[in-house]
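Student: First, the structure itself, so that you have it in front of you.
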Amino acid sequence: MLSFPVTPSLLNHSHLLHHRPYFSFTVRSSSSSSAVQEVEESSKSTADAGELSSELYVSPPFPQIRAAKRVVLVRHGQSTWNAEGRIQGSSDFSVLTKKGEAQAETSRQMLFDESFDVCFSSPLIRSKRTAEIIWGNRKEEILTDYDLREIDLYSFQGLLKHEGKTKFGPAYRQWQVNPANFSIDGHYPVRELWARARNCWTKILAHESKSVLVVAHNAVNQALVATAIGLGTGFFRILLQSNCGVSVLDFTPSADGGSPHICLNRLNQTPNSPVAAGSSGGRKASKRIILVCYGTTQGDSEASVAYSAEQPMNMLGIIQAQKTAELLLDLNVSSVVSSPKNACVQTAEAISRVQEAADCLGADCVPRYVELKKMNDLDVEDILQQSKKDTVGVAPFQPGWLKGFEDEVLSTLWNQSGKVWQSLLTEQADEAEPEKVVVVVGHPAAHIALMGHCLNLTKEWMGSFHLDAGSVSVIDFPDGPAGRGVIRCINYTAHLGRWSIPITRSTVDDEEF
């Protein structure tokens, strides 16, 4: 295997910088960990080195690229220390379990037909073995990069979680509730990790390749996703990375030759179901919002496909809706909220019918009742049609398509979606239902805005996310609806089977990107 030389991480992390290539202004959010401020001098540091500033800074732009590039991130399969509940960090004593090997094999099959040009891997055994399984008999060598190792946790490494709590007390508590400011042995691990992730991107983007596979770890993959789209250390444990979960980022050259446009195409597509029982960032979640994009419609073959939700679904759309309904069958859905547009209502009705037949289908012992309701504020197509730009041929299922609309249109969409988000949080706050799953069916633009509100972002981030027809995205609330939402997955399409969206696509012609 080939290896890159070790590049020392930044030593002073009190002024850690974060990338945001799409805008330049100051914005403050209600969440201090989500606030973003552009600074003129990248060398500016906070006065107190012991506490991370309440603002996240924007770093210099990413390096220019000459051709479109897609990067597929994969976390390693389950390791022996994962199974034991032991803190791994960047230690290299654990190996893949049989389950971990099977997960890696499933990922290999999922990515078997994909035309990767290169594979980067962490040098740690559990990640390197996962990369070897996925890479298979491809001729190209796997490139190991020490910066792709897992987060350095120093004295925590090797401890069982209850041992860490007993031995370190307040420090372990800080690691759980405020990781951005967590310090141990004179280090700030999460801040160091963010700096290291930025360094990784410089090397990955400099490589002459169009389709890149990166196999690494939970925390470092979180940092890679976050730094790519401009999110700081306050988003640690907010964008989940499960064992062998796949995340995809698209880098498109800028027309002015500057920093590329970066879009998160999908997050944490796992070998198993994204709605299966489990934890979100190590915490159980009893409240959940599931965002479902309607299936393809008869209007999708016509010119103005950005406004096709009013059309009835075509046969593929009907299949997509049915597959989504089957995926959600293992959940006891409390309510389905839908845009009033035809394709959305059709999708919502399919989900409701399958839920209410759960006893007949063997998924439950008693019939279920699912409340189905339409919400007018979920209808965003009328807002998009206010655009004075030529939007004929605009496809809502292409990365970054929302960048083509005026600021005024995006502001209206953002504000209306904010009302929907508050309404959904109010519904989730009902203490009469300690466990509640709400399914929301709507236009991809509405769902992208809802995820932005969940993350306490601003409308400028809407071009940084992507959703496909029939996709599912999951938001968990491990601390209840009053706490921060955790994004379990974005743009999951594996449930669509033969009609799922490929992880990678041809990059022979940049226009196809």
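Each residue's number is its place along the chain shown, starting with 1.
Heads up, the Cβ atoms here are built off N, Cα and C, so glycines get one too.
Because the structure is a prediction, the values reported are computed rather than measured.
OK, TrEMBL features for this one:
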| type | residues | note |
| --- | --- | --- |
| ACT_SITE | H76 | active site, tele-phosphohistidine intermediate |
| ACT_SITE | E150 | active site, proton donor/acceptor |
| BINDING | R75, H76, G77, Q78, S79, T80, W81, N82, R126, K161 | substrate binding site |
Student: How big is the gap, in Å, between the Cα of G77 (substrate binding site) and that of the residue listed as 'active site, proton donor/acceptor', rounded to a whole number?
Tutor: 14
Student: Check each residue in the chain of E150 (active site, proton donor/acceptor) that is at least six apart in sequence and keep those whose C-beta is under 8 Å from its C-beta; list them in sequence order.
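Tutor: Set apart from E150 (active site, proton donor/acceptor) by at least 6 residues yet with Cβ under 8 Å, we have Q88, G89, S90, S122, L124, S127, A216, H217, N218, A219, V220.
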Student: So if I measure Cβ to Cβ from R75 (substrate binding site) and keep only same-chain residues at least 6 apart in sequence, which ones fall under 8 Å?
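Tutor: Same-chain residues close to R75 (substrate binding site) (Cβ under 8 Å, separated by 6 or more) are V215, A216, H217, N218, N221, Q241, S242, N243, C244, G245.
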Student: Between the recorded positions H76, S79, W81, R126, whose Cβ has more other Cβ atoms within 10 Å than any of the rest?
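Tutor: Ranked by Cβ atoms within 10 Å, first place goes to H76.
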Student: Cα-Cα separation of H76 (active site, tele-phosphohistidine intermediate) and R126 (substrate binding site), in Å?
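Tutor: Cα-Cα, rounded: 6 Å.
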